[in-house]
Amino acid sequence: MKPWRLTLTNNLVDAYGLAQYMDTYVTRSATFDEIKEFHREDYLEFLQRVTPAKQDKFLIEISKFNIGEDCPIFDGMWDYSSLYAGASLDAARKLVNGQSDIAINWSGGLHHAKRSEASGFCYVNDIVLAILQLLRIHPRVLYIDIDVHHGDGVEQAFYSTDRVMTLSFHKYDKDNFFPCTGNYDEIGVGAGKHHSLNVPLKDGIEDSQYTTLFKEIVERVMLTYKPSVVVLQCGADSLGCDRLGCFNLNIKAHGECVQIVKDFGLPTLVLGGGGYTPRNVSRLWAYETSVCVGAEVTNELPPHTNFKEYFSPDYTLHPPLSREARYENKNTRRTLDLVKTKIFEQLRYINGAPSVQMQEIPPDIGGIQGEFPLLNEQATRLIIEYRGGRAEDRGGGSPQREK
């Protein structure tokens with residue numbers, strides 16, 4: 001997850017003049033205490049102390065905390081992790097405070113990190129931390145993940161609660177594609193049973209297949225679960241031509257998914273995620289920023305775009321990614337109908353959105369109950385406010401972008 005892709009993204013956002021439609025903020029680092037609301041202290045202390053020069057002194061911890069080839073040790077690892085986590089926390093708080101309808105943090109969305117281990121280039125799970133903030137006032141959070149990899153860390157964190165529904169669209173291969181999870185049968189446990197929804201896909205899915213499936217499933221989930229806020233992870237490795245991806249999606253199709261979610265009019269936290277071809281990652285997230293703010297942008301990159309040479313030879317926002325480095329499409333009408341049927345079957349078990357049943361707060365995934373003394377009060381208050389009705393429509397300010 002090299003920061004170069006974020007530099008290119010910010011340059012495109014600025015070149016298109018999109019900053020004028022947003023309030024932008026320089027982020028702060030999340031504190032140790034904020035991050036330990038999900039992660040274990042011994043793991044965080046390791047992240048703070050280890051460096052490439054001293055890693056030989058941490059051989060036991062390196063193995064224990066799953067540090068390795070896809071989660072290397074590098075200088076500034078703790079600073080990097082606390083900065084992107086701080087951005088997601090602040091973005092979530094702007095939604096909680098009604099300062100924004102949509103808050104964006106393209107540096108966030110690191111969905112693989114677990115409570116006490118790194119995974120898949122992810123060290124701190126900023127998504128879980130942000131959702132815990134949203135649960136202070138929102139009774140139901142819908143998490144949607146359109147990264148090519150399964151959002152396993154977020155699913156695992158909320159696997160036994162009905163306060164969060166996770167919905168992940170991803171490539172699935174239990175033997176050969178990281179993280180080898182996310183099949184139909186991962187549905188949640190306890191109060192969270194049927195609240196973990198997985199859409200396992202095969203190589204080479206096309207624009208129309210993906211957006212049609214996405215729209216039909218998300219509409220049914222919204223109707224059934226009735227969330228009051230959405231967190232949308234927009235991993236760019238689901239684009240065609242991604243170095244680690246295997247889909248044939250174009251930028252407009254990926255952005256159409258953002259538009260579909262936006263059209264529901266709920267407070268929404270938009271996050272980044274995977275993406276390993278920086279020029280296409282930046283194209284996508286700049287375009288999806290324009291979707292979030294409702295601005296039209298040209299296909300031709302603005303003439304004053306910095307680092308324009310990285311977008312050669314076409315210098316456009318929408319190169320034909322589905323035609324380049326193309327994967328064979330192994331998704332048939334039958335397999336996609338089966339996926340949809342499996343999701344709809346799960347949703348039939350949810351008899352309306354939780355209201356009186358909302359006594360349950362999220363499970364104690366990381367000492368959460370002890371560290372959120374106000375959450376019990378908030379849950380009790382929400383039972384009263386949401387009994388027999390829905391929340392009042394929430395207003396807000398301008399979309400936010402964390403830099």
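Placement of Cβ uses the backbone N, Cα and C atoms for every residue, glycine included.
According to TrEMBL, the feature domain 'Histone deacetylase' maps to 1-291. Mean per-residue pLDDT, taken over the domain 'Histone deacetylase' (1-291), amounts to 97.
For D70, G120, Y276, the entry in TrEMBL reads substrate binding site.
All protein chains shown were included, and the count of other CB atoms within 10 Å of the CB of H112 (active site, proton acceptor) stands at 28. According to TrEMBL, the feature active site, proton acceptor maps to H112.
A sphere of 10 angstroms centred on the C-beta of H149 (divalent metal cation binding site) encloses 26 other C-beta atoms. The divalent metal cation binding site annotation in TrEMBL covers D147, H149, D237.
Burial estimate for the binding-site residues (D70, D147, D237): highest at D147, by number of other CB atoms within 10 Å.
Other than the site residues D147, H149, D237, same-chain residues with C-beta atoms no more than 8 angstroms from the centre of those residues' C-beta atoms, the divalent metal cation site, are V148, H170, G235, S238, L244, G245, G273, G274, G275. In this structure the C-alpha atoms belonging to H112 (active site, proton acceptor) and D147 (divalent metal cation binding site) are separated by 11 Å.
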